[in-house]
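Pulled from TrEMBL, these are the features on record:
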- 350-364: compositional bias 'Basic residues' (COMPBIAS)
- 11-181: domain 'Neurotransmitter-gated ion-channel ligand-binding' (DOMAIN)
- 209-285: domain 'Neurotransmitter-gated ion-channel transmembrane' (DOMAIN)
- 350-374: region 'Disordered' (REGION)
- 197-218: transmembrane segment (TRANSMEM)
- 230-249: transmembrane segment (TRANSMEM)
- 261-282: transmembrane segment (TRANSMEM)
- 294-316: transmembrane segment (TRANSMEM)
Amino acid sequence: MEDKLPNIKPKVKQVFIKVHFLKIGEIDTVKEKYTADIFIQARWREKQLDHKNDYVLDLDSFWDPKLIVQNLIEQTKDDKPWKEVQYTDKKKAYIVEKRRLQGAFSEKLELPDFPFDHQFLNVYITSEYPQSQLEIAEDKEEISLLNSACFVDEQEWQLCDFVTMRKKPTRKDFSQRKRVTFPGLSAGCCAIRRWKFFVWNMVLVMGFISSTSIATFAVDNNLTQNRLQLSITLMLTTVAFRIVTNQGLPKISYNTILDVYLLFSMLFTYTVCIWHAVISLFSSQSYQDDLDLYVFIVMVTVFGLFQIGFVIYVIIKVFFRNRIIKESLQQYEEHAMKVFGESWKHQRNNKKNALRKRKQRGRATRPAEDELDDEDDDEFINTFLISQKERRV
């Protein structure tokens with residue numbers, strides 16, 4: 001009997017990632033992309049440098065994870081990554097690679113709940129090595145941060161002050177028989193859309209237009225031509241309004257909450273218009289009067305029930321959305337307090353209160369117009385790195 005060789009699995013190299021969002025720029029819903037200034041730190045073990053205190057000049061000669069930011073579609077500033085060596089208390093060496101990316105990142109937005117939606121703006125980090133050789137994971141000894149004060153698109157979005165990290169491996173098919181899985185990590189921040197603009201300028205206006213069609217029942221049912229003239233005018237108004245609103249909405253294959261409301265309003269106006277054409281087919285005047293009254297009551301009831309149902313549905317959606325965000329925030333704060341201690345949350349609350357007071361006094365300026373943005377970002381990075389080094393000491 002022949003001896004079988006043992007099935008020895010290759011040792012998987014681990015790379016620990018930390019992401020810091022320096023600045024979030026414009027979030028383009030139509031083109032499904034956002035601009036950002038992002039700082040990425042990768043850390044991995046290098047046993048060849050253990051117990052060596054001498055300065056290593058050429059770190060590029062050692063193993064490199066060959067990391068790739070998969071959803072970076074346009075880079076406005078190309079900063080070459082730089083490396084350094086960090087030692088633990090037991091003189092274990094880690095090579096730390098740092099890079100700063102500025103540009104546009106693609107993001108597939110989930111818009112069924114538009115405009116009451118929230119979006120995770122992610123950075124997808126992967127590697128040229130397959131998953132059998134490399135594992136990309138969140139750095140549990142450090143914390144990813146978000147500089148929410150430097151947010152450009154604040155008029156349309158509300159940025160949540162936490163960062164989520166989750167593994168997202170990708171699979172590539174090189175042939176019908178060969179499929180290779182590559183490691184991946186998704187680091188993202190959450191942005192909540194400010195819905196008031198869409199409610200006041202779209203939902204409310206379309207609601208007024210569609211409800212006006214009920215007023216056409218005030219015209220005598222013998223004057224069919226007058227009723228149809230008013231109804232068709234309202235119908236064309238809803239169509240024109242729909243065309244205008246579509247220019248600022250994403251072109252997707254499914255209907256959003258806003259689409260459902262606008263389509264109902266158009267269908268309601270269309271149904272009223274059809275009824276005014278049908279009622280003229282009945283010869284009996286008394287029969288016309290009774291049917292017209294019944295249809296009027298039905299139309300008012302349907303319109304009112306839909307408005308109430310729409311409001312209840314939105315409230316439920318917003319409730320579950322806020323609960324998901326609250327759970328993510330709680331997990332982030334628990335991880336941060338394990339890294340920095342209990343004092344971190346107190347300093348975080350003081351920073352939020354100071355920023356809120358600035359905005360209330362009208363002294364907060366938009367980051368896009370602030371000449372000191374780059375200096376503030378660099379200072380934020382330096383403060384962050386210093387706090388990390390102090391924690392290790």
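Each residue, glycine too, has its Cβ placed from N, Cα and C.
Here the transmembrane segment (294-316) has long-range neighbours at 116, 207, 210-211, 214, 217, 257, 261, 264, 268, 271-272, 275, 279, meaning same-chain residues at least 6 beyond its ends whose C-beta is under 8 angstroms from one of its own. Across the domain 'Neurotransmitter-gated ion-channel transmembrane' (209-285), DSSP classifies residues as 59 helix, 0 strand, 18 coil. For the domain 'Neurotransmitter-gated ion-channel ligand-binding' (11-181), the model gives a mean pLDDT of 87.
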